[in-house]
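Report on the structure given below.
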């Protein structure tokens with residue numbers, strides 16, 4: 001089979017103006033083109049659609065993944081293509097890739113095989129400049145903080161408390177832990193600091209939760225950069241940074257329209273981490289898609305314990321968006337993984353392992369249906385090594401839970417390979433009664449009890465414990481009036497627990513909260529459980545060394 | 001008079017496709033649009049124009065400036081507009097603004113008054129993403145260097161010798177002097193480091209001197225990031241960084257087309273510092289403009305001792321471009337400044353100071369005509385405080401040197417205010433004989449003698465001295481085979497000497513070279529004379545605090 005970039009480079013793309021007009025009825029005058037195959041859709045135009053009825057929103061989530069991922073993005077693309085193939089007006093809403101993994105190890109994130117969004121190289125590199133804009137705004141705030149300290153510190157910021165980091169869209173381990181402000185009087189006050197990758201910035205989360213320019217500026221103003229010596233939070237608004245930062249994000253806030261290999265329109269907009277942030281593409285894009293299309297498929301990060309939970313408890317809670325159905329992506333490989341098989345052996349026939357691993361999928365399905373109250377089907381994303389017997393066994397076992405499974409081959413067959421999945425989703429939407437959608441916990445619950453609710457209802461944990469410092473921070477946040485915010489758990493995606501080696505559906509474990517962070521602008525409290533890497537490193541042989549530009553401008557080696 | 005942004009926001013822009021078609025005969029299919037008023041022109045299309053005759057190239061330079069600048073950008077725009085007003089096919093080629101000054105103190109750099117390129121806010125902010133691309137490629141190389149050290153250091157790089165800095169497009173003094181790689185084994189080797197502003201990156205200079213994708217990759221490969229322990233230079237090519245870095249700059253390399261307020265087409269592309277780099281917009285843009293228009297006006301940085309010299313000895317030497325004429329911008333204010341008047345008093349009538357300050361302009365004119373061999377006129381950029389007597393005296397004195405002076409009022413009158421200047425330039429072009437263009441020194445001269453030639457021929461210095469370390473570095477560069485490169489002097493723009501307080505036309509001074517740096521990819525050796533700031537700081541009240549985004553998306557406060 002061809003590589004992703006070979007498929008993408010050979011694809012015949014339609015002009016984005018044509019996709020917009022023919023598929024969505026958007027006139028070219030409402031587009032802000034970035035080349036001939038990418039465009040932002042004007043925010044004013046999108047606002048004019050507010051009276052249109054909403055399409056159906058389908059959430060793409062997954063069982064706990066293997067390190068390679070189970071194909072949520074390809075399944076999102078495949079399903080949107082399949083729905084369009086059935087003559088329906090569909091759209092995909094995806095996250096923008098970060099350049100860190102592109103030049104590091106994992107590669108791009110525009111789908112794969114015959115289920116991609118294109119132009120693939122553009123999307124995986126600078127795209128429309130959104131991430132650069134977010135980085136610029138983030139770093140302007142950091143510079144303004146240090147500049148405020150330098151020029152007299154009128155707000156009385158405690159230099160030790162500053163925790164607004166600078167960001168780059170790059171894997172660069174040398175920047176994780178740095179000292180800035182060296183070199184004497186003119187260079188400011190030395191302090192220990194660090195850089196994150198741009199997708200880990202609170203500003204990325206703000207960007208993806210915001211509703212309008214005014215809302216963007218308000219949220220930015222609410223960002224807390226540190227405390228005064230009297231322990232009063234200091235905001236970006238007090239530093240007079242909110243206006244300039246909003247200006248830097250003005251154009252980026254309009255959603256990016258591209259197409260799949262099969263010309264299905266897709267918004268690719270925003271991409272926050274799924275651990276210290278909520279891991280979903282932008283509210284603006286989802287909302288716009290629901291006015292423009294009848295069926296909108298959007299993905300959340302990691303497994304359903306993390307991504308779907310945050311989609312529900314953060315994105316839906318804050319925006320009023322409601323999913324009509326969910327698709328839980330499973331693979332025979334991941335089932336074997338949770339059945340105790342290690343990565344090198346996942347391609348071997350092992351129906352017993354598949355059966356043992358079902359408990360992981362089963363708990364995710366229970367959470368999606370019974371906790372979030374979203375009707376769902378399973379998409380079994382097929383790999384070449386899957387045997388028919390293994391696939392049949394999965395279908396049978398999931399059937400026993402009252403859930404339909406649809407094997408899908410979009411990776412090799414494009415949208416056609418997800419046709420049965422699409423029909424299954426349509427059946428589900430048709431047969432579902434009134435919405436049973438529900439948050440995992442109410443706003444009013446204290447932060448501590450929110451964490452306990454997630455631990456008990458979703459993760460199978462029997463206790464939640466706190467580092468002393470984390471607990472003190474939590475108490476202070478309650479006292480400072482942030483207790484009504486939702487929580488955002490940062491933990492490993494490989495397990496329901498905080499221990500990546502506890503596969504399957506562990507119970508009786510302890511959720512230990514190591515650190516508590518406030519994302520006041522985004523509007524959530526991050527509970528860091530275990531190690532969270534917010535600035536990845538490059539491997540010994542980075543992908544960058546294989547990526548090349550030919551004399552005729554062709555890009556090769558991107559994956 | 002309205003502010004720059006008020007004028008720009010009220011301007012009626014033509015679609016860039018229309019400007020391209022009507023003014024330059026470029027079909028829309030050869031444009032890569034960025035919104036409706038900015039476009040990159042396809043490099044393949046530009047290559048297809050190679051057989052067309054060249055237009056006339058007019059270099060805009062200036063006398064030694066006051067801190068406020070003498071209006072080279074506005075005069076470039078005004079002259080291009082005036083030429084078009086005379087029915088001629090003209091273009092301007094300008095540098096892209098950095099966001100550092102926009103949020104700092106100086107403000108934007110898209111011209112001013114009624115001589116601006118538009119859309120002004122776009123050009124002053126992210127524009128088409130070129131600077132973000134250069135920053136990303138620059139920082140990828142930095143990450144690859146530290147990553148190479150981390151994973152065994154097969155090339156044997158001496159960690160103390162690494163001098164490839166990271167960059168941001170921001171004024172951020174806290175990043176000038178930092179320590180990276182703290183935090184233990186997984187974060188790499190701690191070392192002292194620093195950040196520059198993106199316009200100070202060697203990669204920006206490379207970008208502006210490059211001819212094609214292949215040339216770009218070759219130049220990037222030549223970048224020296226440090227030495228081995230045996231003092232052998234280590235290149236980006238050896239780190240396998242060149243391909244990925246070129247990929248990041250692929251799209252950026254196509255020149256950006258915009259328009260002036262009067263719809264004259266302009267390329268705004270690249271913008272290296274004029275001290276540690278050569279301070280000119282891209283060769284690709286200049287070359288393309290000369291195929292597309294009959295008259296191309298382009299500016300060089302600072303005064304004619306720095307910007308024009310580097311235009312001649314670096315940009316022209318490397319590209320084969322040749323200016324047909326030069327315009328030296330002078331102001332009554334700058335003449336008074338060099339006649340000994342301080343900034344607050346420059347608005348006062350003082351014809352004696354104007355006369356005393358003439359020696360500065362006189363030396364610049366001599367250099368341009370006799371050293372560079374470029375026929376020239378003076379553009380006297382008029383300010384409201386200039387008296388008619390002062391202006392008449394300048395015209396008279398310059399006339400005595402055999403050079404015509406053309407007072408110009410484009411700032412308040414647009415292109416119409418530069419009509420006499422345009423006619424003067426046309427007369428000059430018509431009356432000039434065969435080209436007498438000449439470099440200041442030949443390639444083959446040793447680096448040390450190149451510096452001495454500049455010092456004696458241009459600056460009026462009587463000696464060149466070297467810090468011990470600088471001299472040793474120079475000798476090593478000669479020994480390593482870099483002796484054939486041109487030199488790039490980084491010194492104050494306010495004086496012919498290295499002492500900013502020595503105004504007028506000082507003689508007998510010493511040019512002291514404090515530091516020698518190699519820009520092997522750009523292809524020059526930097527001679528640092530005096531303090532050079534490559535990462536500016538923010539002032540006590542940064543412009544950022546006045547810049548704001550209104551609820552309807554209007555940007556205010558940008559200057």
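Cβ coordinates are placed from backbone N, Cα and C, and glycine is handled just like the others.
No curator has checked TrEMBL annotations; they are predicted automatically.
Small disclaimer: the values here were computed from a predicted structure and weren't measured.
Record features (TrEMBL):
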- A:66, A:67, A:68, A:69, A:70, A:71, A:72, A:73: ATP binding site (BINDING)
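Highlighted in sequence order, A:62, A:65, A:329, A:331, A:334 have their Cβ within 8 Å of the centre of the Cβ atoms of A:66, A:67, A:68, A:69, A:70, A:71, A:72, A:73, the residues recorded for ATP, and are not part of that set. The binding-site residues examined here are A:66, A:67, A:70, A:71, A:72; by Cβ neighbour count within 10 Å, the least packed of them is A:67. All chains included, 19 other C-beta atoms sit within 10 angstroms of the C-beta of residue A:69 (ATP binding site). Non-local neighbourhood of residue A:68 (ATP binding site): A:333, A:343, each in the same chain, at least six residues away, with C-beta under 8 Å from its C-beta. Under the three-state DSSP scheme, residue A:70 (ATP binding site) falls in the coil class. Within 10 Å of the C-beta of residue A:73 (ATP binding site) there are 24 other C-beta atoms, taking all protein chains into account.
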